[in-house]
C-alpha cells in the first residue's frame, strides 16, 4: 500500500476541488443557514407558519409526493419494456426518456400549459370530461410528474438489466405462474431501486420552479408553490424571510429523504 | 412454445404499447406542442421573433454564460474526480456528498443564496457597491447561479468510470517516468474522453436552459440581463405567444441535439 503515493496530483486536485466547492457552494449555502436568524427564533417560526406559507409548502410537498408516486408505475413500465423487450423504436424510446432532464424547465412549463390549457390538445378533451388541469393544483402535479419520470426509469433500468433470468427460472421450475414470479421475485429485487427513483423524483419535484409556474396559475392558498413565495419575498427585499422559507424547504426535504432512506434499507434487508 | 420466464405475446404487446403510449403522451406531445405553437402562423413570424434584437441579445448572453460556467465546472469536476476516484483520503465520502449537494437544492434557492451574499442587503453587497461592482441583477450573478446549478454534472459522470478504471495504467506511466501532466494527457484523458464529453454536454444543456436560479439573480433587463429562458417568460407574459414558443423551440432543439449526442456517445464509450 506504500505505492498508493506514486500517483501525483492529489494535493493540486484537492486544492482546486475545495476552492471550487467552497466558493460556489459552501459559502453561499452558509448564508442560507445563517441569515434567517436575523428575525430571531420566534420571527423565523412566524415567517414559516403563515397560512399562505403553510399552504404553499403543503402544495409543493404534497404534489411532489403525488407526482413521484404516479411516476413509480409509469417508470417501472417503461424500464421493464426497454430492458426486457425488443421492438421497433426501442432505442428512440430509451433516448426520449431523458427529455425532461434535457428540456429547459421554462420550455417544459410553456409546453405543458399549451397542452393542458382548456383549448389545448389534451386540455380540451379533459375539459369535456369535466377535468381542469391547467391553473389548478392538478396542473402542478402533472408538471412535477413530467420532470420526475426519468429518475424512476434510470434507477430501475440498471438493476433490471443485472437481474439475470436465473431467479425467475427457478420460480417457474418450482411451479410459480409468471405473475407469481414477477410479484414475489422480480418486484422485491427492484424495490430498493424503485424507492430511490421515487426519492430522487420527489427531491427534484419539491424545488421545481420553471416547469410549474406557467401551468400553476399561482393563486395564493390554492395553486402557489413554495419556491414562488421565496421569489415574492425577495422581490420585497425580505431577505431573511426568503432565507427562512428556503431553509425550511431544505430541512423538510431532508426529513422526507431520511424516511425514503429508511424504507429502502428495510426493503433491502427483505431481499437479502 | 414460450419460455416460462417470458410473458404471453399478447401481454408483451400490451405492455409495449402502454409504454410507448405513456412516452407519447408524456414526452412527445409536450415537445410537439412547442413547435406547433411556434409555427402556428407559419415560418415568418417565428423567424422574425428569433431575429428580434432582444432575442439575439438573449442568445448572446446565454452563450456567454455557458462559455464561462461550463469550463469552470469542467476544471473543478475533473480535479474532484481525479482526487476521489484515484486516491483514498480522509473526508473523501463527505466530498462526494457535498459535490452532489447542488442537485438537491431548489433552483430558486440556488439563486437566493447568491442574493443573500451579494445582494443590496447581502453580506458583501454594500462593500461591493461602494466599489462600483454589481453582482446581482448583472452578469456575474447570472454566471455564479449557473455554475451552482450545473456544478455536479462533470464530476458525477467521471467518478464512477474513473473508479472502475482504477489506477494501474497511471501507475505504469508514472513508473515509466511520465510526469503528472503527460500521464494525464496521454493515459487518463483518452480513457475518459467520451464520458467527459457527455458530462460537458449535459452541463451545457442545463447551463443554457436554466430558468429558476437565473430568474432570481437576473433583474430581467431586456437586452441586457435576459437569458433565453427568461426572454421566453417575458414574451409569454406579454401574450406574444408565437414569439415565446419560437424562442422556446430553439431551446427545445438544443435539448434534442444534446439527447442525440448523448445517445451516440453512450454507444461510443
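Glycine residues also receive a Cβ, built from the backbone N, Cα and C atoms like all the rest.
Per TrEMBL, the stretch carrying the note transmembrane segment among A:54-83, A:204-233 is A:54-83. For the transmembrane segment (A:239-263), same-chain residues at least 6 beyond its ends with a Cβ under 8 Å from one of its own Cβ atoms are 31-33, 35-39, 43-44, 47-48, 53, 57, 60-61, 65, 195-196, 198-199, 202-203, 206-207, 226-227, 229-230, 233. Annotation: stretch A:54-83 has the most Cβ pairs under 8 Å to the transmembrane segment (A:129-153), among A:12-34, A:54-83, A:185-203.
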